[in-house]
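Participant: Provided herewith is a single structure, encoded as structure tokens, for subsequent inquiry.
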Amino acid sequence: EVLPVLPAPQKESAEQEGFADILSQKRQRHFRRGPPHLQIRPPNTVSKDGMQDDAKEREAALGKAQQEENTQRTVISWRGAVIEPEQATELPYKRAEASIKPLVLASKIWKEPAPPNERQKGVIEAFLHAWKGYQKFAWGHDELKPVSKTFSEWFGLGLTLIDALDTMWILGLKQEFKQARKWVSENLDFQKNVDVNLFESTIRILGGLLSTYHLSGDSLFLTKAEDFGKRLMPAFTTPSKIPYSDVNIGTGFAHSPQWTSDSTVAEVTSIQLEFRELSRLTGIKKFQEAVEEVTKHIHSLSGKKDGLVPMFINTNSGLFTHPGVFTLGARADSYYEYLLKQWIQGGKKETQLLEDYVKAIEGIKAHLLRQSQPRKLTFVGELAHGRFSAKMDHLVCFLPGTLALGVHHGLPADHMDLARALMETCYQMNQQMETGLSPEIAHFNMYPRADHKDVEVKPADRHNLLRPETVESLFYLYRVTRDRKYQDWGWEILQSFNKYTRVPSGGYSSINNVQNSHKPEPRDKMESFFVGETLKYLYLLFSDDLELLSLDSCVFNTEAHPLPIWAPA
């Protein structure tokens with residue numbers, strides 16, 4: 001039986017009462033269409049003037065930071081062990097700034113947890129098994145190939161290790177964290193002639209370093225984050241200020257993919273949490289200015305459909321391309337997520353973000369929602385030039401969690417009704433497969449047919465990449481409703497991962513066929529998000545302590561890296 005949604009605290013109730021007023025007010029805003037004042041240079045040729053500009057920004061921000069200092073911590077205690085924040089290590093290319101301390105100290109998003117319960121111990125065991133394979137066969141490399149007992153490289157930056165840093169901290173794995181920190185200190189060097197994807201490297205590397213800084217208080221991670229952030233800035237040197245998709249972090253050369261001059265809308269609008277936080281911590285404004293220019297530009301752009309955005313945008317013209325195609329799946333998903341999360345991150349002051357988010361949810365309801373047969377599951381389809389497709393990516397399963405998060409922060413209660421319905425659908429996308437694991441893409445039956453389930457899968461779509469979206473939303477739904485069935489569903493999914501994706505020698509592998517429990521066919525790849533997101537959300541889902549990384553103190557980026565909600569000025 002579904003438990004009732006718990007009543008919101010008085011503060012949230014007041015917010016909800018004023019919610020209609022916020023949206024009904026007409027606000028005439030003028031956004032400067034010209035470029036922001038950015039000091040963008042290839043990072044290996046940083047000028048003396050550029051260094052001085054950054055130093056001036058730090059100095060200007062120092063007074064404000066000092067006012068906040070009494071609410072920040074200078075030491076942290078990790079399960080009884082007091083750890084002093086370490087001195088920043090030198091940047092690979094900027095020794096002059098090596099001794100600069102952060103303007104804002106690590107935020108209080110972490111508190112000592114209770115000892116892990118039995119289900120959490122199951123997650124710890126799964127993580128240690130995954131980590132055993134990574135340590136043995138892929139240490140310092142991007143991704144583990146557990147079946148062939150080797151590794152693959154994407155950026156050559158220890159992606160899995162960085163993605164898992166905060167997971168190890170949260171799970172209390174002190175020794176593993178210490179070893180990984182040593183690798184970051186001694187081996188993580190961003191002065192490399194390598195192209196990185198702006199979005200993927202921001203959410204995984206920059207986000208991972210920032211969250212680990214906040215959890216641990218260790219300035220090594222902030223120093224590395226600032227170094228990396230500066231190397232990403234050339235991506236914004238486009239005529240439209242819509243960033244290129246790729247940037248060489250060694251040479252500073254940024255570019256679009258070879259086959260197009262477009263960037264993906266989700267990618268250019270899902271880097272804001274990280275760059276905004278980097279500016280707040282360092283006092284260097286150009287990070288925040290660059291990403292907020294993108295947000296303002298997208299806000300004012302024509303080509304939307306009741307708040308829904310197309311999937312592509314041109315870096316030269318700054319206009320949407322391939323118009324008329326709308327999805328909540330790949331290439332658009334996290335645009336909607338980051339509207340809400342930026343509003344929360346900034347202390348619920350940026351009402352433009354809230355308005356765009358709420359309008360988009362209404363657009364989803366109007367154009368993309370349908371029900372399946374025979375169980376009448378509510379699902380989110382896709383729209384192409386007015387034609388509806390009953391196709392739903394597993395990626396869309398982020399949405400029930402995002403909706404629940406919004407309700408927790410005072411948004412309308414009917415968002416919670418939709419969150420519950422979509423959560424049931426995402427669970428069934430797992431449950432109706434032989435392995436108990438969701439396919440990458442599902443198609444829904446919209447008409448009654450004998451011997452047909454709600455969810456059908458095409459041969460090309462039946463793989464599972466160990467993705468986190470279902471368990472991510474289970475975490476939010478449990479936090480907001482306290483209905484233990486969501487914990488039970490997550491436990492079932494963890495058991496399925498253990499049964500069908502676990503590799504005996506260490507690690508977990510994505511599989512080719514979720515419909516064949518006898519031959520799931522391992523694909524020989526453990527994505528970094530399995531240890532960065534999937535297992536982290538499962539651990540938090542099973543927690544008896546609802547204040548462990550409280551939804552009132554932190555917001556998770558789209559790679560599950562917690563960042564602090566900014567305190568009122």
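A Cβ is built for glycine as well, from the same backbone N, Cα and C atoms used for every other residue.
Unlike curated records, TrEMBL annotations are generated automatically.
Per TrEMBL, the feature active site, proton donor maps to Glu200, Glu440. Taken from TrEMBL, the feature active site covers Asp333, Glu469. Annotation comment: TrEMBL describes Thr558 as Ca(2+) binding site. Annotated compositional bias 'Basic residues' per TrEMBL: 26-35, in sequence order. What TrEMBL lists as compositional bias 'Basic and acidic residues' is 50-68. If you look up TrEMBL, you'll see Cys397-Cys426 marked as disulfide bond. TrEMBL lists 26-68 with the feature region 'Disordered'.
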Participant: When you rank Glu200, Glu469, Thr558 by Cα distance to Cys426 (disulfide bond), which of the recorded positions ends up on top as the closest?
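Facilitator: Of the recorded positions Glu200, Glu469, Thr558, Glu469 has its Cα closest to that of Cys426 (disulfide bond).
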Participant: Sorry to bug you, but what's the C-alpha spacing from Asp333 (active site) to Cys397 (disulfide bond), rounded to the closest Å?
Facilitator: 10
Participant: How many Å lie between the Cα of Thr558 (Ca(2+) binding site) and the Cα of Glu469 (active site)?
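Facilitator: Taking the Cα atoms only, Thr558 (Ca(2+) binding site) lies 10 Å from Glu469 (active site).
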Participant: Which one, from the active-site residues Asp333, Glu440, has the smallest tally of other C-beta atoms lying within 10 Å of its C-beta?
Facilitator: Glu440
Participant: Specify the count of other C-beta atoms within 10 Å of the C-beta of Glu469 (active site).
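Facilitator: Here the count is 24.
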Participant: Please identify, among the active-site residues Asp333, Glu440, Glu469, the one with the smallest Cα-Cα distance to Glu200 (active site, proton donor).
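Facilitator: For Glu200 (active site, proton donor), the spatially nearest of the active-site residues is Asp333.
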Participant: What is the interatomic distance between the Cα atoms of Asp333 (active site) and Glu440 (active site, proton donor), given in whole Å?
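Facilitator: Their Cα atoms are separated by 14 Å.
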Participant: Quick one: pull the CA-CA distance for Glu440 (active site, proton donor) versus Glu469 (active site), whole Å only.
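Facilitator: Approximately 11 Å lies between the Cα of Glu440 (active site, proton donor) and that of Glu469 (active site).
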Participant: Count the other Cβ atoms sitting within 10 Å of the Cβ of Cys397 (disulfide bond), across every protein chain shown.
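Facilitator: Other Cβ atoms found within 10 Å: 30.
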